[in-house]
Structures are given as C-alpha cells and as structure tokens.
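Asks: Pulled these from TrEMBL:
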type	residues	note
DOMAIN	370-529	domain 'Spore germination protein N-terminal'
TRANSMEM	12-33	transmembrane segment
TRANSMEM	39-59	transmembrane segment
TRANSMEM	71-91	transmembrane segment
TRANSMEM	111-129	transmembrane segment
TRANSMEM	141-161	transmembrane segment
TRANSMEM	181-201	transmembrane segment
TRANSMEM	213-235	transmembrane segment
TRANSMEM	264-285	transmembrane segment
TRANSMEM	297-317	transmembrane segment
TRANSMEM	329-345	transmembrane segment
TRANSMEM	350-371	transmembrane segment
Amino acid sequence: MFADNARISHRQLFRQIVLGVIGIYTLVIPIFPEVFGRQGILCLLTVMAVYILFFIYFIRIKTVMQNPRRYMGKIFGSIFVFLYMSWLWFMGVYLLLTTARITDRFLIEGSVYWIVIILAGAATYLGSHQGLERRGRMAEVCFPVLAFIMGGMLCLGILRMKNYYLGELGSLTLQGWLKGSYQIFCAFLPFAFLPVALGNVKKPGETGKVMRGALFLVTGILILCLLLLQGSFGIGGYEHRQYPMVEFMAGIRIPGDFLERVDIFWVAAVMFSMLFALGGVFFYNHELLVRTDKEKAAPFLAVGVVAAALICEKVQVSTELFWKLSGRFYGPLFLLLLLYAGFAGRKKSVFVKGVVIILCMLPLSGCGVSLENREFPLSMSADYKDGNFELIYGIPGLGEITGQGKNQEEQPQAISYQGETPKEAEEAFNRNQKNYLDMGHIKTIILGKGLLENEKALFAVLGYLEEKPSVAGNIYVFFSEDTSGLMSFDGQGGESVGDYLTGILENNLEGKPKDAVTLQDLYNAWHRNEKIPKLLEVEIVNKRPQIRQYS
C-alpha cells in the first residue's frame, strides 16, 4: 500500500495531483472572465486535450528534470531551476494570501492575517524535506475523506439547479475561446512540475494513464462547478462574486436542517487542499534545490515567501495580479523551459539545429522520415567484450511492424556492431545502413554477462539509453550468456525475440510480469547507488528462447 525505496505508487501520484489542485481551481476557474456557459466548458476541454499531449512529453523529459545540471551544465542548469522555482515562490505568496483571506471571511471573522500566514507557512513547511513518499502517504489517507466531502456537497448542489438557467447557452466567440483557454492553460501550470516527481514514481513510463485520469477528474469537477453555478445563479449572476462556489455552497441545506452552516464542510475541504498545495510549493522548492546542491537555501527561501505574503497583505495586493502575471510572463516562459528541457544534454550546436529544424517544419506537413526508410528493432542486446561494446539490433521486416503482411525476404536479422562506447557502436551501425534507426518500438533488451560483470560499462549503456527519449522506461530487461545466439532467433512466421519474450511474460499463465525488471528499475538503482536488481535469464532450448525461471 505504501511507497518503498523513496518511490510512490501510481495511486499515490493520482491522489497527490488531485488533492493539490482541486481546491484552488474551484475558487479561481469560475471567476475567469471568459470561462462561463458553453464557452467555459469548451475552454476546459481544449486545455485538457493540450495537457494530455504534454503528458507524453513530460514522461520523456523526466530524466532531465532528475538532474538538470548534468544535462544542461552547471550554469544553464542552475538558471533553469531558478526560473522554474520562481513560479513556486510566486504561487506560494498567492496561496498564503488566499488562505488568510478565506479564513477571515468564512472561518474566523476578524482573524489576524499575519498570524494565519505565519502559522500556515510554518505548518506546511515542516516535512517538506522528507521526501515525496511522505506526501504520497498523506494523500493516500486524506484523499478519500476529501473526495467524500466534496463529492457529497456537489451532489447536494445539484438539487439547487434550475432548468431554465441551464437552458442559457451564453456567448461563444473565437476570441473568448482562445483567451479563456489560455487563462486555464496558465492556471494548470502546476502540472508542469510533474516531470520533477516522475523519477520517484514506480514504473514512471506507465504514468501517462495516471496523469490523464487525474486531469479527467479535475476537468470533470470544474465543468460540474460551472454547471452548478449557472443552474443556480444563471449566466451573469455569479461572475462578479469573489468566491462563487463557496457562496453557492452556503445555500445548500441538508434534509432535516439539523446543521445551519453546511458550507463549512466545503470551505474546510478547499482549505485543506490549498494547504496541501502550499506544502507542495515548499516540497518542490526543496527538491529542485537538492538537484542543484543548494538545499541549504530552502529555509531562507521559505522565510522569504512568508515575508513577501505579509508585505502583500499589508499593502492589500489583489490576488488577480498573480494570475495576470502568470498569463503574461510564466505561461510563455514555461513553454520555453519545457522545450529547452527536451533538448537538454546535447551539445549547444545540436540544440540550435534542433530549434531551427522545428521552426522550419512548422509550415510543412508530411515531411517526416517515411516508414520504408526506417529500421525498427523490436529487441536489442548489449554486451562488453575485449574492451569494446557490442550492440545487436533485432530488426524484423517492415511488414511485421506495420501489420501489412510478411514475405520470405523479410526475416528477422541480428546485426552486430562494436565500438569503444555505445554511441560509437550505434554510429558504426548507421554508417552501414541507408535507413534511419528508430528505437521507439523496442520491447526487450538483453544484457550480456560481460556487461553485467563490468559496472562501469553497464552504467555507460544505461546512460546511453537514458538519453534517448524514444526508448521507454517500461521495456523489459533480461540477461543471457549467449546474446548473439539469442538475437539470431528465427521464430515461427518471422516472430522476433522481442515479441516472443514479451508474450511469455504477459500472455502465458506461468509468466509473471511483476517479477520482470524494467529499464526504469535499472535507472533507479543506478541513480540511487542501489544494488542492481536480478534479471530474468533467457536461454535457447530446442531452438526457442525460454525464460529459465518460468521453464
């Protein structure tokens, strides 16, 4: 149930995402000027689609976010982290201000703002340095309670809706849709911090469905909030209110009227979500500082956030300023930072060329490398012999990849190339091939005995694979004493060793995928200086691959 080895489960990641954003979103999304009626729903669905695409990219750049200075250099890595963290400080001040103002208005009338801000800052800062797994456990325990309260209140709110208000469609313009979508896009910037945490999640390559599920739930709740507000107040009847959802909940009555203030449950749930989000601000602030070897500055930055909130409350700074600045500055900035992270770890000239290529491709369509001009290995082996790396790519025919049929000339091939580094071995392959090597379809990786006996060589191969975004972290990894013989396997109908081994694990009743080691497991053990997990051994029996533990 709970996390181990400083990693959290997919369920804990899901609950952290929802718990950290749902409270503040129910406060601010409904009061955005262009987000109302059918236009507001369309804006939410548009942004949801955009972030679903971003989630694929987030998984690709998680390695860079684990160690920015390694891939960007000390100077550029530090600047990157500073810009990333500046949004955290900015939103930390906003959350403290909102907490103090909601406390004074709905919880404790006449409360002293500076006491609330200091207490909230101190309480949420404690434990921010104790790891993601602690936050995962808190979310694991608290999420059901929060879900019950908010879900129950939303269901009761449906009883307040009026049919004639729901019939109002509201305006729908291109300018309003674009503006509203951009406002929500900037409000959803907390999702851009997911790549920082994905390296500490079990099987991060499979977290796409978790992030999508959390986004679907958050978007669905926000759409329901818009419908509830419209059904209760009508379009134009709530946009002027500062906290429309809280005021909406104040009108709810529990059957029997045994409780005068039902809205207190909603306010408590929203406040807890906001405090959890504030704890996330301090956590990610500390986490990014650790990755730049500046964790000693975390307490001072936290004090600075609290001090800035006290000053802003003293001079009565409007919270609208924070969302305006987020839209005008941080929205474009984060797009550039995420783009840069995708090219990090490469030489500057390569980065510049990549940007130029992207810009040149914008007005074009259909200019990619065609399938016929690509080589698609479904499996790959790596070994270390006599001071050289040996890479073998198991490349079936194109028909097997596309499902367009097979012919006698398209049989799996075992192509072996050597080099002093894994990169040189790949370059040797490229020099002798006319087609582009596409490693995005690899299903299994087989490591040889010589490689596993040489830790330095093993880490070199892991570093080589980690820098390739197309190589997924959920690929199964095996061990074999005869990699050449295994990669020469010629299965029935041209089946590749990659398909065959994956089939044993996932389709055979005796196979247990949970016992298999993935590439991400090796990455985690490498980066955390842990013992390399034991790999399943593959051998040839009766001219067919067999997993020894299952045979």
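Note: Cβ is positioned from N, Cα and C throughout, glycine not excepted.
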Asks: If you count Cβ pairs under 8 Å, which stretch among 39-59, 71-91, 111-129, 141-161, 181-201 touches the transmembrane segment (12-33) the most?
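Replies: Answer is 181-201, with the largest number of Cβ pairs below 8 Å.
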Asks: Of the listed stretches (39-59, 71-91, 111-129, 329-345), which one yields the highest count of Cβ-Cβ distances below 8 Å with the transmembrane segment (264-285)?
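Replies: That would be 111-129.
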Asks: Are the transmembrane segment (141-161) and the transmembrane segment (297-317) close enough that 3 or more Cβ pairs fall under 8 Å, when only pairs 6 or more apart in sequence count?
Replies: no
Asks: Residues of the same chain, at least six outside the transmembrane segment (71-91), with any C-beta under 8 angstroms of its C-beta?
Replies: 63-64, 189-190, 193, 281, 284-285, 288-289, 291-292, 301, 304-305, 308, 322, 325-326, 330, 333-334, 337, 340-341, 344-345
Asks: Under 8 Å for C-beta pairs, could you tell me which stretch among 111-129, 141-161, 181-201, 329-345 has the largest tally with the transmembrane segment (39-59)?
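Replies: It is 181-201 that shares the most Cβ pairs under 8 Å with the transmembrane segment (39-59).
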Asks: Quickly jot the same-chain residues contacting the transmembrane segment (181-201) by Cβ under 8 Å, restricted to those at least six beyond its ends, or write none.
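Replies: For the transmembrane segment (181-201), the nonlocal Cβ contacts are 6-10, 13, 17, 20-21, 25, 28-29, 32-35, 43-44, 46-47, 50-51, 54-55, 58-59, 61-66, 84, 87, 91, 131-133, 207, 211, 215, 277, 280, 284, 287-288, 323, 326-327, 330-331, 334, 338, 341, 524, 527.
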